[in-house]
Amino acid sequence: MADLFLSCCGNELEKAQKNHSREIDRKLNRDRLTFRRTVRVLLLGAGESGKSTFLKQMRIIHGQEFDDEQIREYRNVIYNNILKGMRVLIDARQKLHIPWGDESCAKDATKVFDFNANGVLKLDSAVFCDYVDSLKKLWSDSGIRTAFDRRREYQLGDSLKYFLDNVARIGTINYIPSKQDILLARKATKGIIEHQIMIKGVPFMFIDVGGQRSQRQKWFQCFEGITSILFLASASEFDQVLMEDRKTNRLVESCNIFETIINNRSFALVSIILFLNKMDLLADKVKQVNIADYFTDFHGNPHNLDDVKRFLCNMFDSRRRERSKPLFHHFTTAIDTENIKHVFQDVKDTILHDNLRSLMLQ
């Protein structure tokens, strides 16, 4: 009788284990199918080219809202962008020997420049509001404005003007960042950030990797299983140098990285799409700055936007060794939601076609 009882228990246990094993196998098969169906899009480009902004746009366009914690985090990022940016302007004004328009601004400059000198002060709404009057006064001073106009001579974030123009709104105790504020908030990407978004029933995995030189050794970790690469280059940076070494032209650096990626045999079956980004800044810059002063092979009207765009496109296209297929490229403004929505609609069809082709080859 005891043997029969043990036999029954053993059969039940064995049956349960088999059921559990089958359930694991089913889950693994589902995960494997999901992984195969997932469109894996790698965002590459030099630092500050707009990769993280593009990813934020994908969330906004496809209805993924930022939660309260993320909004609070972006609020603090914006506060830091403003205060650190103004400190850079104050320092630049002094080093460039630009006189104050109003000498009384020196006191406000000292207050802002000494912010959190010991690194212990927590930056929240109450603390930031204490600096708003000084920030407004400094931003209206002709000396600071002249330093801003000469920003190509040093390193300054692209979004600072937007934030300082809106500092009265941002500097209220109950300030909540708008979507546009979040798009313009600048925080350097460290490591690898993956974010999945369902787009018309298809899972898209966007992979954002830091673009600074120190971060690029991590890129190779993301290459496996990639469907498409979106390569972003900041088209407006033809007169600027890298933050990392203060001498390499930023556009040359972007071209060199692009050449390495586009000619990599590992990506022979991967669609690589070039985004020449920050067209809003480029449109303003070509009115004032002569691109031929930085690229002597430019021939055309340096103040004609179409001539400059054509030159930039050819500059990247010339780096391709494989000429059998065209280079897909788009002129983009990553902070413009409607622009990115329109561009991604075109890009998505190319990406989905390549993903279907890769599935058929598996």
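Just so it is clear, glycine is given a Cβ too, placed from its N, Cα and C backbone atoms.
Where the annotation comes from TrEMBL, it is an automatic prediction and has not been curated.
Note: Ala334 (GTP binding site) has non-local neighbours Gly50, Thr53, Phe54, Gln57, Leu183, Leu232, Phe275, Asn277, Lys278, Ile340, i.e. same-chain residues 6+ apart with C-beta under 8 A of its own C-beta. In the three-state DSSP scheme, Ala334 (GTP binding site) is classed as coil. The feature GTP binding site is assigned by TrEMBL to 48-53, 158-159, 183-189, 208-212, 277-280, Ala334.
Under the DSSP three-state reduction, Thr189 (Mg(2+) binding site) is assigned to coil, being neither helix nor strand. What TrEMBL records for Ser52, Thr189 is Mg(2+) binding site.
Listed binding-site residues: Ser52, Thr189, Asn277. The one with the lowest count of other Cβ atoms within 10 Å of its Cβ is Thr189. If you measure from the Cα atom of Glu48 (GTP binding site) to that of Thr189 (Mg(2+) binding site), you get 9 Å. Residue environment of Leu183 (GTP binding site) contains 23 other Cβ atoms, counted within 10 Å of its Cβ in all protein chains.
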